[in-house]
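**Q** Here's a structure for you.
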Amino acid sequence: MPVKALGKKFTLTNENLSINAKILDVLRSKSHAYISGEELSRELNMSRTAIWKHVNSLRDLGYRVEAITSVGYKLLSSPSLLLPLEIKNGLHTQFIGRDIHWEYEVNSTNTVALKLAEEGAPQGTVVVSEAQRQGRGRLGRTWISQAENGIYLSVILRPSFVPMKAPVLTFIAAIAVVETLETLFHLNAQIKWPNDVMIQGKKVAGILTELRAEMEGIHYMILGIGVNVNTTRFPKEFQDRVTSLSLELKEKVGRVKIVQTLLEALERWYLVALSHRSDLVFERWSELSCTLHRCVEVNLGNEIVQGVATHLGASGSLFVKLDSGQEREILAGDVTMVERV
Ligand code: BTN
């Protein structure tokens with residue numbers, strides 16, 4: 001583990017980091033050869049001493065850069081962390097991920113994102129960490145956030161919506177996760193209402209949406225996404241209900257490509273939602289859902305509702321048809337699919 005990266009934090013907007021990104025670009029373009037300090041300093045228009053300082057800061061982050069006197073520099077390997085420098089390298093988005101705030105460990109990426117949003121961080125800012133001390137889940141639960149084994153990220157959005165339309169944005173996050181797993185791994189994941197991403201009945205990812213709004217509009221919305229990637233052991237009480245990508249694929253999985261593909265899918269669907277095509281989002285969610293048209297039990301905390309999940313309400317609620325024929329609209333709860341005999 002790159003111990004030196006522990007405790008560090010930075011944002012890619014920081015000037016030093018963009019210089020580091022440029023140095024990495026040049027080193028990567030010469031992946032099999034050394035590049036002299038002189039050539040680097042010419043290409044980047046800075047002194048050789050400054051180059052040396054930046055190379056050392058890359059080393060602090062876990063990049064292995066060989067330096068041979070009178071020969072030059074060569075990039076030997078990159079750290080397997082979700083560093084902004086890595087995520088930005090090959091990310092095809094217009095605004096999601098333009099600013100990436102990374103810290104090795106935080107209490108919760110959503111909490112950091114809420115603070116940044118409050119301070120005026122632009123739409124599309126991403127907060128990502130390797131570990132969370134107090135990862136938060138829905139309904140006040142904890143999200144297990146083992147170091148370097150999962151994806152813990154939060155995206156700041158500032159949609160020009162009335163708050164009533166906010167749920168559609170929660171749905172785009174789940175859709176983006178499912179499409180990412182399909183694109184990269186041909187995994188057939190599905191969505192359990194409202195937003196649990198499941199593989200063969202086990203949860204692999206979850207979404208926690210938080211927002212600050214007034215009647216007339218949304219100030220900002222935080223989409224917090226957690227994906228179990230390389231976790232191979234979960235606490236006993238969860239073992240039969242959760243899974244990870246590496247457990248499903250039987251191999252260790254790289255996280256950077258997943259984050260890039262996820263941010264790209266998220267932006268695509270966000271633009272659909274912004275163009276007032278929520279209908280397309282609900283339609284896609286329904287296609288990917290494993291809840292609709294199934295017999296379900298919904299735990300409301302103080303009551304359990306049983307019936308057939310029929311459709312979504314305009315605000316993302318779930319309609320359940322009871323045995324009596326009556327319909328119940330569920331706003332929040334825990335769904336279990338049940339087999340009827
Ligand atoms: C759930 O299914 O209960 C939602 C889990 C959401 C977890 C993610 S991890 C990144 C972000 N930060 C948090 O504290 N929670 C969300």
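Using the three backbone atoms N, Cα and C, a Cβ is placed for every residue, glycine included.
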**Q** Can you check which of 37-56, 77-96, 297-316 TrEMBL lists as DNA-binding region?
**A** 37-56
**Q** Which value does the mean pLDDT take for the domain 'BPL/LPL catalytic' (85-274) in this predicted structure?
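**A** Mean model confidence (pLDDT) across the domain 'BPL/LPL catalytic' (85-274) is 95.
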**Q** Using DSSP, how many residues in the DNA-binding region (37-56) fall into helix, strand and coil?
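**A** Split into helix, strand and coil, the DNA-binding region (37-56) gives 17 helix, 0 strand, 3 coil.
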**Q** When you measure from each Cβ to the nearest atom of ligand 1, which of the binding-site residues S108, T109, N110, R138, K203 fall under 6 angstroms?
**A** S108, T109, N110, R138
**Q** Note down the number of other Cβ atoms within 10 Å of the Cβ of G137 (biotin binding site), including every protein chain shown.
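**A** There are 15 of them.
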**Q** Taking the Cβ of R138 (biotin binding site) as the centre, how many other Cβ atoms fall within a 10 Å radius?
**A** 16
